[in-house]
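Student: Take a look at the following structure, please.
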Amino acid sequence: MSSYLQESTRKAVTVTSLQGMRAAGERIAMLTAYDASFAALMERSGVDVVLVGDSLGNVVQGQKTTLPVTLDHIVYHTECVARGTTKALLMSDLPFGTYGTPEQAFHSAVRVMQAGAQMVKLEGGEWLAPTLRFLVERSIPVCAHIGLTPQSVHAFGGFKVQGRGDEAAAQLKADALAVQDAGAQMVLMEAIPATLAGEVTRLLAVPTIGIGAGPECSGQVLVMHDMLGVFPGHRPKFVRNFMDGLTTIDAAVTAYVTAVKDGTFPGPEHSFTA
């Protein structure tokens, strides 16, 4: 049995303990979940952070993007996931159009926190710093999502790797420092070159979570449906199907946690170059 599965003696994961994991060099394993049953399974398997992502628009609702996801959708799924978790930290996305001003972000975050979230995730860099600071000053833990931000898919002209080239890399570093200075307790980086993600991770004092950002981040996240190989859409380069060769979902999630913790995932084949 994996050493990460000591559920009876496992302490609840908190924002503070995530910082401690980073300091100790223990990688953080995060997965998305959208209901109580899968959330409980992930907790049994040693997942540190469960994310109610707006990816539910793609994998649950069948949408082409995350843009149609509403705050009511996130609140509902957060309530469901909260019923299945007691030890993993529960993070929820604020969906598109719900944090245009600091005040709107606060009211959106309050609803999600009241539904059971312990941290909220917002997409944006330097421009988002005043909003992040506004939330943190009001005791709402925040994770900033930089790099490829799916809510900006149309502004990017599609799902494209970010941070390539000197100017883009410098901007991403500036984004990371700005959101940290604003009080973000975690930074998620998506679809950026692995070397750049490593540089940002060493630059920051808070944990970094990667998805398509190489192996040097403080932790990793995948969408549950992707890592189980059940999503019929395009499989991104950074995804590994952990169901391959296994017969149960529990075993696949445990394999994911183990691979993240021991540093065997992601490999070079899951990472982007500059």
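Each residue, glycine too, has its Cβ placed from N, Cα and C.
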Student: Need one residue: from ASP54, ASP166, the one Swiss-Prot lists with ASP93, GLU123 for Mg(2+).
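Tutor: Among the candidates, Swiss-Prot records only ASP54 at this Mg(2+) site.
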Student: Would you list, in sequence order, the binding-site residues among ASP54, SER55, ASP93 whose CA lies within 10 Å of the CA of GLU123 (Mg(2+) binding site)?
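Tutor: So far as Cα distances go, the binding-site residues lying within 10 Å of GLU123 (Mg(2+) binding site) are ASP93.
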Student: According to DSSP, folded down to helix, strand and coil, what is LYS121 (3-methyl-2-oxobutanoate binding site)?
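Tutor: Note: LYS121 (3-methyl-2-oxobutanoate binding site) is in a strand by DSSP.
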Student: So if I draw a 10 Å sphere around the Cβ of ASP93 (3-methyl-2-oxobutanoate binding site), how many other Cβ atoms end up inside it?
Tutor: 30
Student: Quick one: Cα separation, LYS121 (3-methyl-2-oxobutanoate binding site) versus GLU190 (active site, proton acceptor), in Å?
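Tutor: One finds 13 Å between the Cα atoms of these residues.
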